[in-house]
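Heads up: the structure comes next, in structure tokens.
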Amino acid sequence: MRAVRRDLLTALRRTPSFIHIRSLAHQSRRTLSSATTSQAADTSHSSVNPDEIAHFSRLSSMWWDERGEFGLLHKMNPVRMQFIRDKVLEIMRDDEGELSAERERNVLQGLDVLDVGCGGGLLCESLARQGGNTLGIDASASNITIASLHASSDPALRFSDSGPSASSSSHTKGGQLRYEHTSVEALLAREGPRRFDVVCSMEVLEHVDNPRQFLQHCAELVKPGGHLFLSTISRTPLAYLLTIFAAEHLLRLVTPGTHTYAKYVKPAELLGFFQAYRSPPSPSTSTTLSTPTPSTSAESAADATRPWISRLYGGVPARTEAETRGIVYVPWNGEWTLVPRGAPGKECAEAVNYLFWVRRPRED
Amino acid sequence: MLTAFRVSKRRVRLATRATRSLSTTANHEESDIVIVGGGPAGLTLASALGSSHAVRDTLKVTLIEAGDLDKVRGWSMQPGKFSNRVSSITNASQAFLQDIGAWDHVGVERTCPIEEMQVWDGISDARIMFSAAEMPSPAGFPQGEMARLTENLNLQRALLRHLASHPTIQLLDKVKLQSISCEEREGGGWPLVHLSDGRVLRARLLVGADGPNSPVRAFSGIQSYGWAYDTHAVVATLDHVPRSPFEPPNTTAYQRFLPTGPIAFLPISATASSLVWSTTPALARRLVASEPAVLADMINAAFRLPEVSMRYLHDRLLEADAPLSASVLRDEIAFRERAHGVDPRSAYAVTVGATTGVPPADADAVPPLVTSIQPGTVASFPLRYNHADAYVGEGAGARTVLVGDAAHTVHPLAGQGLNMGLADVEALARCIHDALSRGGDIGSYTALLPYARERYFENHKIMSAVDKLHKLYAAQSAPVVWARSVGVEVLNELDTLKAAVMMTAGSGRYSSQSAKAVGWDLAASGIENVARGVGAAKSVTDALIGIAGAGVQGLLRQVTSPRRS
Ligand SMILES: Cc1cc2nc3c(=O)[nH]c(=O)nc-3n(C[C@H](O)[C@H](O)[C@H](O)COP(=O)(O)OP(=O)(O)OC[C@H]3O[C@@H](n4cnc5c(N)ncnc54)[C@H](O)[C@@H]3O)c2cc1C
Ligand SMILES: C[S@@+](CC[C@H](N)C(=O)[O-])C[C@H]1O[C@@H](n2cnc3c(N)ncnc32)[C@H](O)[C@@H]1O
């Protein structure tokens, strides 16, 4: 088993990482507001863009080189974990009042957590250390190999290679960690909806086809009252300038071809999506794969469920329903900074990289 | 403790690449943090980690010390007698030790506050004084105190007492780090720490707190930059007469810069003080070999006689075939005093000694007269300057971090070595805690980087200030000597010393917190900076930058303007 992996890794390393620049002009504007229905009808692997997956597979051996290709993602990890932690704790406090010190330390203890597009498992390991029973899925098999290999070297992670039951003994209180090569569509089809307390998908949205459908699938997997966390890049000139032009071409921080401008999603578009989005009524097994657009689903499901975001106040959702927060890279600190709530220039910061959280309404 | 310093690098076999069998034979123990070195830095780190609930609950911490920690635990000296290894613990360091609950275990009756410091130039007599009132002191500290002179063993014993209440921190003593290898694994192996008793620890994070010759630093492949000063420090515990009721108490530290190096007098009680005399290796050898009365008079003279006479006495000491006797030295000093017209009733007189009655008006310009040397306290150390190129290892040395003298060794003239180490430990402990609270891997480069960022430049500033000062005084070139002799530059340089001392006096402790508070400001200007960086590379795509740049300008105005209003 080990030997096979080793061969795979060496093969990966030898693959020349050729420069792959996609032209803006040839990219159709597949934004959230202009999703086409023909693509939505596509079945199981509809969100997976083969070019994207090939691109990440080529780079997969570099996931854990903290100063290499994915260095910026490594550095982003503390900030996004901080956001996840703070948000989950905030909502728990709203629901349950004061929390124990134990809970504050292991926020995700006992929760089922899914990371969609987990890559090398950067976020998954942190989620598991915070106590979450974590499943990481990715459309690239070699990413899953790397993620598994890395997790298996850390005795504090209760990583299991096979079934969800196996676990290595450890005195730490981390949750179980598993990886699987699958798509969100296939997972939903197999496991059914309402499976996870927390669903994350970080820096993936800008790489998928049918983002609308991708989001719906992610959302359906969230348990009522659960959380959906996203991070992505906004579609603004500044984002283009900093992420594609500067990061890829000028500074070569990431391999050219990593980003496609047309796939960037603005915070307002995400908010708009969840203002319209209603979960399929419960209990539902048959509706799992039907992906109605909010406008059509509204009639059938209106009585049963309400939209995830009820209204915006001057463009801003209620703190208990959703939140967008900009994150900014500060070069001389070598750190990402989470822009404070209500900070001056908040909108500006969200013009590039931002984190997004939304809660699935409770059904009680 | 002194001999424990001398761990030869050669005796540590360094294997950066282990055989596969080594990594797969699973007869090793897992430990999240392995601290090598039970000196002040290592013990403080263990204490700080032990005092954190989150760390105690989730991480296994092991400390390895070659020496016998029971000797430190059981250390005691009769009142009035003091160890020769002392450090001035700044308020900032003390506040940190209090926060982690270790300071309460220090025998405070054996410590002494330093309220004032007098530093002067041996040639020009240009002098500066600094007092606690000018120093930023952390909240809750008496304004009058700038540091506390504490025996290193008093501190180390306190740390061990504190650690006794945190049994989950594993202390392994009388065991040596023998070698370190790096597991061979895809995606980077973890360090395997081989101990002299045959045990092997697999470390998520390996901390080098193993002093100036740091075997951990050598393993991790971190280069260091430094040199040996052609200088040794003679240390001793000095007995002296108490200050009279008409004089200020013995809470002033004195340091005089002689061309051979600075001599420092550090109060530890009303009638005892500690000596740190940096001088040439040959002189240091003679001073250590002298009979106690000779050393005492040499010290008294070194704080008082004009520089020409000190030079003469040094020569006498070096030339004498047989050791200089106390009576001969006394005659020599008396002769020089008469030649210089030193008033026998002034504080500058060595040979007349403390008379009864009203003290001379200038009594506090120099330290009290030394009457004897505490037996067994005279020793000497070579001094060096050394700064690791990095504090966090990479590649085959990944998951290693350096603190204390393993990261930096500095001339003792500003009394900062230990304090810098404690500040390192505070920053590292905070860094570990932060990473842990966000589910980070505390051994990863990403988790450790904030520590290096917080400490490296800070230490570098102090070290270069101190080094510059040493160099100025050690320089023999004519212009420098001339400038020194007339006092030009000297005061400036003494200000450098002051700055170095101030840097660790308490302000540093809060700089990190305030840095966090202004994080967003930095971030805002971060956008500006990136935008500018892109703007600078005009040649590539002028038009594009023109358009996007305009957007950036607008956005930046949004970011910055509300703050100003
Ligand atoms: C003359 C003099 C005066 C000074 N005065 C001051 C002062 O006034 N103020 C101040 O702040 N600083 C002062 N310093 C500096 C201060 O003493 C040092 O900075 C401090 O002792 C460093 O502590 P440390 O824990 O980093 O290293 P160390 O004290 O050197 O401890 C290292 C430990 O690691 C152990 N070790 C090493 N190798 C191994 C191995 N292979 N296996 C197991 N264990 C190992 C050693 O046994 C030792 O216990 C002075 C220094 C000198 C020389
Ligand atoms: C930029 S990486 C982010 C990795 C990880 N989430 C992180 O932030 O560390 C994008 C990842 O998404 C995966 N991916 C892209 N499209 C996907 C899809 N439709 N379904 C699942 N994974 C996808 C890629 O293989 C790649 O690993």
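Each Cβ is built from the backbone N, Cα and C atoms, and glycine gets one as well.
The S-adenosyl-L-methionine binding site annotation in TrEMBL covers A:ARG80, A:GLY117, A:ASP138, A:MET202. Per TrEMBL, region 'Disordered' is recorded for A:158-178, A:280-303. Per TrEMBL, compositional bias 'Low complexity' is recorded for A:160-170, A:284-297. For A:GLU203, A:GLU206, A:HIS207, the entry in TrEMBL reads Mg(2+) binding site.
Excluding A:GLU203, A:GLU206, A:HIS207 themselves, the residues of that chain whose CB lies within 8 A of the CB mean position for the Mg(2+) site are, in sequence, A:GLY117, A:VAL204, A:LEU205, A:VAL208, A:THR232, A:ILE233, A:HIS259, A:LYS263. A:ASP138 (S-adenosyl-L-methionine binding site) carries a strand DSSP state (E or B). For A:GLU206 (Mg(2+) binding site), the nearest of the binding-site residues by C-alpha distance turns out to be A:GLY117; the candidates were A:ARG80, A:GLY117, A:ASP138. Taken residue by residue with DSSP, A:HIS207 (Mg(2+) binding site) is part of a helix. When the alpha carbons of A:HIS207 (Mg(2+) binding site) and A:GLY117 (S-adenosyl-L-methionine binding site) are compared, the span between them is 10 angstrom. Taken residue by residue with DSSP, A:MET202 (S-adenosyl-L-methionine binding site) is part of a strand. Taken residue by residue with DSSP, A:ARG80 (S-adenosyl-L-methionine binding site) is part of a helix. If you count neighbouring Cβ atoms within 10 Å for each of the binding-site residues A:ASP138, A:MET202, the highest count belongs to A:ASP138. Under 8 Å, Cβ to Cβ, and six or more positions away along its own chain, A:GLU203 (Mg(2+) binding site) finds A:LEU73, A:MET76, A:GLY117, A:SER231, A:THR232, A:ILE233. Around the Cβ of A:GLY117 (S-adenosyl-L-methionine binding site), the number of neighbouring Cβ atoms within 10 Å comes to 28. Other Cβ atoms within 10 Å of the Cβ of A:ARG80 (S-adenosyl-L-methionine binding site), summed over all protein chains shown, number 25.
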